[in-house]
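Down below is the structure, laid out as C-alpha cells.
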C-alpha cells in the first residue's frame with residue numbers, strides 16, 4: 001500500500017513538471033504560420049494538436065492535426081536555481097478566414113484548448129490582405145506587481161468581448177525577466193497566458209531586458225527571423241493589411257553597447273524602409289515601434305524626465321529621425337516613460353503642420369506623429385507624473401495605468417485610442433487620415 005502511494009505521488013510530481021505553462025503565440029517570418037512557445041521543468045518530447053473550427057461564418061469541424069516540436073534547455077538566472085525546457089512548434093498552412101483551436105503537451109500532459117485567428121502577416125508580396133482592417137493592443141512597461149493587475153484585468157475583459165489580431169509589447173517585460181533567478185519572468189508569462197495563448201504576443205526589448213546580454217529575452221521569445229537579426233528577436237518587420245510595422249531595439253544606440261550592433265540594425269532599418277516605400281501605393285501606412293522615445297515632454301522639475309525625455313532622445317534622434325522623416329513614417333509608438341503622451345507631427349523639435357490639425361485629428365500629416373504608451377504597469381509602485389512643462393507639440397498627457405488600441409481601417413484611415421485601466425474607459429483618441437501614400441517634406 002505504501003509503495004502504491006509512493007508511486008502515485010511520484011507520478012503526480014512528474015506530471016506537474018511536464019505540464020505545459022507560459023504558453024504564448026507569435027507570428028513567424030512566413031505567411032500562414034503561427035508559432036506556439038511553452039515551458040516545462042523536465043525534458044519531455046513536445047507535441048501539439050490543432051484544427052480549424054470556424055471558417056468565415058461556417059463551422060468547420062475536422063480532426064486534429066498532430067505535430068511535434070523543438071526543445072532547448074535554459075538555465076534560469078546566475079545561480080541556476082532550476083532548469084527549464086522551452087518548447088516551440090509551428091502551426092502551418094493556416095487559412096486567414098479561419099479560427100483554429102489548439103493544445104500543447106509533453107509526455108501526454110495536455111494543456112487546455114486555446115483559440116487563435118488564422119490571419120497572419122503577409123510575407124508573400126501578394127498583397128492579399130491590404131483591404132482588410134484590424135485592431136492591435138499596444139503598450140510598454142508591464143510587470144507582475146500590484147499596479148500591473150489593473151491592465152491585466154481590463155485586457156482580460158477586453159479580449160473576451162473584442163476581436164484583436166495581436167499584441168505589441170514595446171519592451172520592459174515582467175520587471176524583470178531575470179529577477180529572482182527568472183522566477184519573475186515565469187510568473188509574468190503565466191499571468192499573461194490567458195491572453196498571449198490566444199493573441200500573438202510580439203515583443204522588442206527594453207532596457208530592463210539587458211541583463212546577461214539579453215539572455216532571458218532571447219531564450220523566452222521567438223519573433224520573426226529576418227536573417228539579419230540572427231534569431232535574436234531584437235528587430236523585425238511585418239505587413240498587416242495596408243500597414244507595414246517595424247519593431248526595433250533602441251538599446252544598441254546607448255553607451256556601453258556594440259557599435260557594430262547599432263550599425264547593423266540601422267542599415268537594416270534603411271533597407272526595410274526602402275522596400276516598404278517601393279510598395280507604398282498599395283500598403284501606404286508605415287508604423288515604427290520601440291522602447292525608448294525620440295520625443296516626449298521633458299519635465300524640468302523631475303530629474304528622471306530630464307534623462308528619459310532629454311539626454312536619451314538626444315542620442316537617438318541624430319541616428320533615426322531623418323530616417324523616419326525621409327521615408328514618410330506615419331506613426332512612431334514608444335514606451336519607457338511610465339505615462340501616456342500623444343504628440344502632434346514633429347520634426348527637428350518643431351511641430352509640423354498637417355493639411356488640417358484638430359485636437360483629435362490630423363489630415364495628411366507632414367511628419368511622424370509620436371505617441372508614448374509606457375504605462376501598462378511597472379514595478380515602481382507608481383507611474384511617472386505627466387509633465388508639468390509640456391512641449392508645444394504635446395496634445396494629451398496622462399499618468400493613468402493603461403494601454404493603447406490601434407485600428408487600421410483601410411489605406412486612408414488609422415485610429416488610435418488610449419485606455420485607462422483604472423477608470424476602465426477610453427481617455428484619449430486620435431484619427432490620422434491621409435489621401436497620399438507619402439507626405440511632402442516641408443523642411444529640408
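Including glycine, each Cβ sits where the backbone N, Cα and C put it.
According to TrEMBL, the domain 'Purple acid phosphatase N-terminal' annotation covers 20-116.
Note on the domain 'Calcineurin-like phosphoesterase' (136-340): its mean pLDDT in the predicted model is 95. Among the features that TrEMBL reports, domain 'Calcineurin-like phosphoesterase' is placed at 136-340.
Annotation comment: TrEMBL describes 367-421 as domain 'Purple acid phosphatase C-terminal'.
According to TrEMBL, the feature signal peptide maps to 1-15.
DSSP assignment over the domain 'Purple acid phosphatase C-terminal' (367-421) gives 0 helix, 26 strand, 29 coil.
DSSP assignment over the domain 'Purple acid phosphatase N-terminal' (20-116) gives 0 helix, 59 strand, 38 coil.
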